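Peer 1: Below: one structure in structure tokens.
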Amino acid sequence: MAGVWQQPFLNVFRHFKVDEWKRSSKEGDVAVVTDKTLKCTVYRVRGPVSAGNYIQLPKTSTQSLGLTGRYLYVLFRPLPAKHFVIHLDLCTEGSQVVRVSFSNFFKEFKSTATWLQFPFICETGTPRKGVGSPGARWTCLQLDLHDILLVYLNRRYSHLKSIRLCASLLVRNLYTSDLCFDPAVTVAEARCAKLPITPIPREMAFPVPKGESWHDHYVHIRFPSDSSKTPSEAVQKSCSPSEAARPVLRLLPHPADFSKPVQDSLALMVQKRGPTASRQAPSVPRPLPEVSVSCERSKVSSVGGPSGRSQEPLAWVETTDKHVASDSLHVSVHQTTVEPTAPEDASPQESPGRKQNQQEVALGKNRFQQRSFLPDPVLRLKGVIGFGGHSTKWALWTRDGAAVVYPCHAIIVVLCVNTREQRLFLGHTDKVSALALDGSGSLLASAQARPHSMLRLWDFQTGECLSLFQSPIHTVCSLSFSDSGEVLCGVGKDRHGRMTVVVWGTAQVGRGGEAVILTKVHSDVDIQAFEVAFFDETRMASCGRGSVRLWRLRGGGLRSCPVDLGEHHALEFTDLAFRQAQDGHILYVCSRSGHILEIDHQRMAVRCARRLLPTQTPGGPLPQKQTFSSGPGIAISSLSISQAKCAMGSEDGYLRLWPLDFSSVLLEAGLGDHQPTLPAEHEGPISSVCVSPDGLRVLSTTSSGHLGFLDILSREYSVLVRSHAAPVLALATESSRGQLATVSQDHTVRIWDLATLQQLYDFASPEEAPCAVAFHPTQPTFFCGFSSGAVRSFSLETTEVLVEHRRSGTVQLRGKATASRVCRCHRGAITGLAASPDGSLLFSSCSRGSLAQYHSSAPQCRILRVTANVVCQEACPSPSALVVSGDSHLLAFVGPSKYTVTVMDTASLDELLRVDIRTLDLAGSCLDSAVAVCFGPAPPGHLLVSTSSNMVAVLDATSGRLVRELSCVPPAACSVLALSGDGRFLLTAADRAIKVWDYSAQAGPGCQVYIGHSEPVRAVAFTPDQQQLLSVGDAIFLWDVLAPSEKSPPGSVQGSPGAPTTCEAGLGTRQLEDMVSGANGLPRRQVPMPSQASPPWLDICARPPKDHDGAFSMSDESRGPEGLRQASGPPVLVQKEAGRAGDGAWGAMGGPWDLGRPPNPRGWPSGLRTDLAAPGRQGMVTYRTNGEPKAPAGPGACSTGRARAQPPTRPDSYRHFTARYKASLLPKGLSFPAVGDERLHLKAVMGYNGNGRANLVWRPDTGFFAYTCGRLVVVEDLHSGVQQHWLGHPEEISTLALSHDAQVLASASGRSSTASRCQIRVWDVPGGSCRQLLSHHDTAVQALAFSPDDRLLVTLGDYGDRTLALWSMATYELVSSTCLPEPVYGMAFNPWDAGELACVGQGAITLWLLQQHGGDVSLQVHREPIPEEVGGWELTSLCYGTTPLLYCGSNAGQVCVWDMCASCCFLAWEADDGEIGVLLCSGARLVSGSNTRRLRLWAVGAVPELRRKGSGARSSSVFMERELTLDGAVVSAVFHESMDMGVVGTTAGTLWYVSWAEGTSTRLVSGHQSKVNEVVFSPSESHCATCSDDGSVRVWSVASMELLIQFQVLSQSCLCLSWSPPSCERPEQQWVAAGYSDGTLRLFSIPLIAMELKMHPHSAALTAIAFSADGQTILSGDRDGLVAVSRPRTGMTFRVLNDHRGAPICTIQSTRREYGDFGAEGVDLWLAASGDQQVSVWVSNWLQDRCELVDWLSFPAPALTEVPSCPPPSLAAFCPWDEALLVCAGLSVHHEVVFYSLCQKQVMKKIPLPFFAVSMSLSPGAHLMAIGFSAERVLRLVDCASGAVQDFAGHDDSVQLCRFAPSARLLFTAAHNEILVWEVTGH
């Protein structure tokens, strides 16, 4: 109510008493004058400088106007031939101030996060007599403040803070209002004409002479504009010839200056502004949304005119394409087609195909149409390949050292070192020339090249641009932040070539302010490097040619003092760095001559000088260590200082690490080598080095475009980025391997992995440049064309490295590629290269006009034909110069001249068609030529040609007939064309912009423009899966295509997945009349009745049956989600004969919805009857149970059997449960122990199944807490941690549901190998027993739900089952089953109505209303489509709020709110960036969880009030209270009714306790996410450690089973583990040694909770590891069969045993004992078992370096038929109760365990097994042995003394790991990622 006093409008000047100047201020020449036109006093603001002459409201900047009106009306008149400026400061709902400026001084639109500048352009023709020029006319400028912020910055408008009116202009007044006034209509005129518009109030009106038009004297500008025409058409087509010369004022942004994507679109109004509007013609596509119009004529300007009639107001045409969050520079184009109202009014210049026929005019059809993309934007920049651009010296570490920041031309990239994930900063329009990061890592500064240099300040955490400003320096070459981030220094040259230093104050940037220039200084000295001191932000240092200077900022000025360099005054210094010393601060400076100077910062004197020199003697073999002495030095380009080390990079390509005393080099790395201690092949001079904040890594860049870092501890150099050093010319993609090939002007061809964006291999050609590239469609081969005319083919399979010497040059290859064939038939450079899709032919063209045909399917590519002078010789090399059609039959190219396009037969090269492009545009002023060509999809067979007149012509590839035209925007023609495989999107590239066209739209297709490249785009292409887009130019850009895949792609046939069902028999007219209600709208009189024994399947078809020729009309205007047309009348009800369960049926309102029931349900009345609902509600279908007889099936049956027979496709939603694949089977013939005789009792389960969905229940009032792990339901007491385990499911449990009284728990598992259906178990919660076993679904159960009264249970099948079943909880009988036509993602009962069930899925919400009347039960189905405002997304989650609200989450991160009473969606907001899988609501709070790992708490208390506003509700009242980021996607969540606390489950296998009040998350249950590989115990058995394929090592408390410590290594798998034995020297020392898949061994200290050592003893993955008995030696085995012996204290590997080479090491075990009786001396007895069924036993004394072989066991390998997949592991262990025995499993041909005596050298005992063992453990106590099998999911316990066997079930997969604890009281077993802890009795 705060803004009520401002309604209906507010006179700003009167309210703030401008004439008194107490609440406002004036500056300069401001006077009150009388205007003759308005006949009233106005304010005149004039002066030569606009900034010095203005009116300011309010008086000071600390005050605020607080005006909340949506519209601001400025009544002003610009002074002739003068500039004026209007500044508005707008406040957003986030309290950010945004300045919006309008001026005729601005030449182009500019945008930052806090400033919008709009040019006010006046185009003037010849004015009519009596009409003043634009400068002499008063203007009503109407600004929609809400839409300005929403469209251009995606922000919500709050209020108007201040206004500044600057010279030169006359201003009458300012007004604000929430009403949209028409200034040309007065109140009297509106009342007289009864117009439904808001007239201008009398106080705001301009005087109009009687009998004259308002528009003849004044100008009305509404911004943002109602029009969407291009600027040229605004003059030429919007006015009659008599009025065409009127001036046009508009506000027009330029495409290249869009720095932020248009996040939200508005409802655009298409109106006719005057009597001549009917003559408007269709507009051409535009690159930008029109931002303003002017000189608008009112809709009622004819009132009182000659006709005396007023025109009818036109309707609003709204577009509701919601823009998704984009990481690209995007300009949305909304094309509006305004068609003529009569054929005779069309422009005579238009083509005949563009006119509207008379029938359409008569019907009034499509008078105004508007088309836009869904989604918008359709592309999102995912990643870039490239580095540098303007310079290769800028690369920075982040504050935590986890990521690297570097420029890639106009893009700033933040690259995570471990995961290689990219985060992109977008906004620059030219190459980034400098970067700087403040000390806290929160503020990033960047500068772009090209005068004048633009600087951006970014919020580094969010990526938001906080400030954009222009630098007085033409090109900033260096930036440096102070440690506090409040001072920024920039260095460069001004327009006069003088070196300039500028200092900005940035303290207010993060608070909504701008950067302020503190001082600017010109200097005559050269500056190569400049840095602000970290200890004092007022002190700086610089170095350059012959100069080192110290700077100080003091008293608003910047002063410098040179350092006395003495004899070093002539050196060229390149870099500098500060360091803290004990006696002050030291400045280090390096030079190009190899000198390093230490400068005392306080004394400004050189303390020490050193020089880097090579010591290689003439003729010497290799250079030795570098020293500092005299002689010719090595040029040092960069240095970086840490607390103890100095890193320097030199131009010889070496990175060197020195101590700060420079006594000796610590590390020397050539950047082409991965072992930095050796010299290497250099990849270019080093440009820069940077030591990480922790001092453990050194980042380096090279001039050749490589970026990498050196890990000091592991002495490894890792390359992060490789890039082309020059523009990329062409690209090609390969589908089977997912590879990308690029060629560049740097004379290299590179092959990249599309998944990782990493370079695989490359080759360089120093003397000839590659021009074109193409992959073979079916073979691992690619072809490359060169500037010499050669075409080479390269094989990607051979590992040979080839260097080929030819007369034309040398081709040097690096990596895995071999040149297999060189074809020489061209004399000029290759301009085109194309392979036929079937792989049989290859074509090439050259600059001399020749065309060659090759036979490419043979191993040796050979030439078939060569034709001369057929290709245009003026064509530039382009991927679109030579194209082959999709059926491999046609070849198209530009030629023989640039004015013609030729189509040939690919097999014979016969000319089939030649099109003269000049004839396409006869009205053009110049001759049109072809630029690029592209084939469309086979049907209908189009050929696309881009022309020099900025047009894309779509031709018929057979006849050459012009089908349609796509008009591009000047100034550059489209040089590249590409069409998606399904024909939906067309890509065009011109200059630096990419356009995406909706090619499937036949009339007026719209386009979207994307910028980001700093150089012209040379090539674009879709990836083979059509999900991504590639563009190359300055770098390689990878874009995600956000458009969902088509349900039925072009060319699909019926019966294929996604194809609609077809009616099998035709129906006559009479039959249709019997089935549908007549014209009177009455419902049907009779309904076919099913029988009791076999009920029919009822289909609802929303289209006429196949081959039906009767009189049946359907509407074309509405379409369902499946793409089928829907009838405007009631749906057709067709009876179908009895069929199998699972057949689908077509449902009303847009989709197939099959209604059925189970045969003979007990406890419910038999029979089923189906009829239509009331005629007033079409989307409702009702069926009820009764005992009526079956009616005969009609002939017109719709069948979906063919479509359903296809294998289902998993929807792209993480909400769907997918059981983990298991090769093992359910156990058969188990030897279960008798009750009471079990030797094992399940004690605890470690982990939670993050693969399940909604598999967590918690009742805070009763304390009941349950979750699933594999096939177990785990019930845990949260206070004591005691667990109960409910076993019974044969497969992995997918979901749980708890009844509302907490007495019944339902759980569901998938279909097993022994059962044909899924299993649903109903458990009694108090007793922990299974009440009932239910079975109905075929594949898996997606969700379970109890009705609010607990009388019913609903089960939902997954995407493969697609059934909804209703069960009675009283009798456990199936009440009803419904077959769904499409996957359903979630369901929920209405808590306020037990009979209402809601389901969400693709494109709609489905409501099931259950009603029971005695014994008769009816179920009504109603389907509500998702409104366009929400977007074309899929609803993935739902929950009920306060009645009658239903909240739904989408896969795009939106939450929409439905009013269930009105069946409409009235509110939606962006709640997340990813798919929302969990929604919970209670009272005024809503919790959302998504696959982005975010859990958010929303305040939705205002939503019930917003419901009253309907579709006009705004989401501004919904705000986020809290946010937590967890360790995985949220799959389950349960919260208390107050929503203050809850339990959340993630895909990482973790259960979190969440407290919103404290804002914390605490781990309740934690487990591994991937396969568990090892379990080891501490000597005291107080702790245990586990490792997994997820790269983690976790330490647990054995007593409580709680996770204590976790060590995580990213991108690696931890395969083996060992806990150190107790050490005599250091009893407190506890180590855990872990072996990883990359061959590294890491040593973790448990007391210190840190990694102490990282070793790399193996080149292959480590598979086994063990400590020696004394803990001072580590034995490790790898996949290649090598055993390494290392010392953990020194990190050295002193012995490698290769006796088992060739087979992986499966087991290593070591014990302490002297074995003199074996004939060898030693203190350790250890064994190694390898995968080739061999075991070696050794005796060693590692302190004396002794190791002798005691015994070698070799067993025959099992037959391949017995082990179909892989051989069993070789298991061997020393027997704990007899140390002379060796126990082996998996080493024999038979399934058995062998006991071998080391003393007697023979087998003593054999125990048969049913299968091969994959795991084995021997108890240190009783003679027990635990065994896991590969074939069955069973754990077997064998008593080795008696031979007794006991089998135990509980695991979901084969038991791959068994480990007894040292005390023999516990047994740990693991199957995949689940760990079960068993208690051993009788140990």
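Backbone N, Cα and C define each Cβ position, glycine as well.
Quick paste from TrEMBL:
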- 4-184: domain 'CFA20' (DOMAIN)
- 272-313: region 'Disordered' (REGION)
- 336-360: region 'Disordered' (REGION)
- 348-360: compositional bias 'Polar residues' (COMPBIAS)
- 721-762: repeat 'WD' (REPEAT)
- 733-1040: domain 'WDR90/POC16 second beta-propeller' (DOMAIN)
- 1080-1130: region 'Disordered' (REGION)
- 1104-1122: compositional bias 'Basic and acidic residues' (COMPBIAS)
- 1142-1213: region 'Disordered' (REGION)
- 1334-1377: repeat 'WD' (REPEAT)
- 1565-1606: repeat 'WD' (REPEAT)
- 1571-1882: domain 'WDR90 4th beta-propeller' (DOMAIN)
- 1655-1685: repeat 'WD' (REPEAT)
Peer 1: Report, as numbers and ranges, which residues of the same chain sit near the repeat 'WD' (1655-1685): CB under 8 Å and 6 or more residues beyond its ends.
Peer 2: 714, 716, 1613, 1615-1624, 1629, 1631, 1633-1643, 1691, 1693-1712, 1723-1724, 1726, 1728, 1730, 1740, 1742-1743, 1747
Peer 1: By a Cβ-Cβ criterion of under 8 Å, what residues six or more beyond either terminus of the repeat 'WD' (1334-1377) are in contact with it?
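Peer 2: Contacts of the repeat 'WD' (1334-1377) (Cβ under 8 Å, skipping residues fewer than 6 from its ends): 1141-1142, 1144, 1156-1158, 1161-1164, 1185, 1208-1211, 1216-1219, 1253-1254, 1294-1301, 1304, 1306-1311, 1315-1322, 1383-1394, 1397, 1399, 1408, 1410, 1417, 1419.
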Peer 1: So which residues does the repeat 'WD' (1565-1606) touch in its own chain, when a touch means Cβ under 8 Å and the partner is 6 or more beyond its ends?
Peer 2: 1244, 1246-1248, 1250, 1267, 1269, 1276, 1281, 1528, 1547-1551, 1612-1619, 1621-1622, 1630, 1632, 1634, 1636, 1644, 1646, 1649, 1856-1857, 1859, 1861-1863, 1866, 1868, 1870, 1872-1875, 1877
Peer 1: Averaged across the repeat 'WD' (1334-1377), what pLDDT does the model get? Just tell me the whole number, please.
Peer 2: 91
Peer 1: Tally of helix, strand and coil residues over the repeat 'WD' (1655-1685) according to DSSP?
Peer 2: 0 helix, 15 strand, 16 coil
Peer 1: Summarise the repeat 'WD' (1565-1606) as counts of helix, strand and coil residues per DSSP.
Peer 2: 0 helix, 24 strand, 18 coil
